[in-house]
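Accompanying notes for the structure given below.
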Amino acid sequence: MSVHIGANNGEIADKILLPGDPLRAKYIADTFLEDVSQYNEVRGMYGFTGTYKGERVSVQGTGMGVPSISIYVNELIQSYGVKKLIRVGTCGAIQKDVKVRDVILAQGATTDSRINQLIFNGIDYAPLADFDLLRTAYEIGTEKGLSIRVGNVFTSDTFYRDNAKEVNELLAKYKVLAIEMETTALYTLAAKFDCQALSVLTVSDHILTGEETTSEERQTTFNEMMEIALETAIK
Ligand SMILES: O=P(O)(O)O[C@H]1O[C@H](CO)[C@@H](O)[C@H]1O
Ligand SMILES: O=c1cc[nH]c(=O)[nH]1
């Protein structure tokens, strides 16, 4: 057991999907995995292990934001030996040509979080996706005929922000595709511990147009994102 995860040694697979929402973790386990067992309910942050196409895979809710995902990723890697970590999250688009329901593979993660400043003492570290996972996920997504975007995302410490318009316009000018709240921490920790990480994100809303997915659309698109992540995890 670790501080925030109540699993015994060996109960978590070395490949894991990481949704922010613990109920999305339950949905993935119920919908896609076989022979499922629940290994965690500490703080309601559900974690499950099962098999996908015969391969052992886990899925763990991370909560929202850099501090929360950092706790789970640290413990998953250091206490349970997880090696391949794929976030399955939602994001808000800030480019006109990125559409609601598109799937984004986060190649890098710009941030206003201070975690990297604290680690690197003033050096402007660039957290990146694992290239093999990125390439595999891209190939799987395009083979499925999906609209896959690859690029920079903004990992924000705030969901509600007073100067959002100004910040979004600046980031959009510099080619950032979308906003979410965890990827920079995932990529930095994966690099630190020599693990592989990727964020696969569904555009759930468009920040410029205000367009949102309906719950039905969300389900279908989320399933596509989850299948890309699961297929990538076992490849
Ligand atoms: O849908 P998840 O994975 O939680 O991701 C996004 O949704 C939350 C904000 O609503 C943040 O965690 C953000 O990163
Ligand atoms: O962090 C997030 C996630 C989804 N949509 C947003 O606008 N922001």
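For all residues, glycine too, the Cβ spot is worked out from N, Cα and C.
Taken from TrEMBL, the feature purine D-ribonucleoside binding site covers His4, Glu180, Met181, Glu182, Ser204, Asp205. If you look up TrEMBL, you'll see 16-227 marked as domain 'Nucleoside phosphorylase'. What TrEMBL records for Gly20, Arg24, Arg43, Arg87, Val88, Gly89, Thr90 is phosphate binding site. If you look up TrEMBL, you'll see Asp205 marked as active site, proton donor. The site 'Important for catalytic activity' annotation in TrEMBL covers Arg218.
Cα of Met181 (purine D-ribonucleoside binding site) to Cα of Gly20 (phosphate binding site): a distance of 9 Å.
Relative to Ser204 (purine D-ribonucleoside binding site), the recorded positions with Cα atoms inside 10 Å are Gly89, Thr90, Arg218, the candidates having been Arg24, Arg43, Val88, Gly89, Thr90, Arg218. Here the CA atom of Gly20 (phosphate binding site) lies 8 Å from the CA atom of Glu182 (purine D-ribonucleoside binding site). A distance of 8 Å separates the Cα atom of His4 (purine D-ribonucleoside binding site) from that of Arg43 (phosphate binding site). Checked against ligand 1, the recorded positions Val88, Glu180, Glu182, Asp205, Arg218 give Glu180, Glu182 in sequence order as having a Cβ less than 6 Å away from one of its atoms. The 6 Å Cβ screen around ligand 2 retains Met181, Asp205 from the binding-site residues Gly20, Arg24, Arg87, Met181, Asp205, ordered by sequence position.
For the binding-site residues Gly20, Arg43, Arg87, Thr90, a Cα-Cα cutoff of 10 angstroms around Asp205 (purine D-ribonucleoside binding site) retains Thr90.
Averaged over the domain 'Nucleoside phosphorylase' (16-227), the predicted model has a pLDDT of 95.
Note on His4 (purine D-ribonucleoside binding site): other Cβ atoms within 10 Å of its Cβ, all shown chains, come to 17. In the three-state DSSP reading, Arg218 (site 'Important for catalytic activity') counts as helix.
Annotated pair Val88 (phosphate binding site) and Arg218 (site 'Important for catalytic activity'), C-alpha to C-alpha distance, rounded: 13 Å.
Shown in sequence order, Leu18, Pro19, Gly20, Glu180, Glu182, Thr183, Ser199, Val200, Leu201, Thr202 are the residues of the chain, 6+ apart in sequence, with a C-beta less than 8 angstroms from the C-beta of Gly89 (phosphate binding site).
Across the structure, Arg87 (phosphate binding site) and Arg218 (site 'Important for catalytic activity') place their CA atoms 17 angstrom apart.
Of all the Cβ atoms in the protein chains shown, 24 others lie within 10 Å of the Cβ of Val88 (phosphate binding site).
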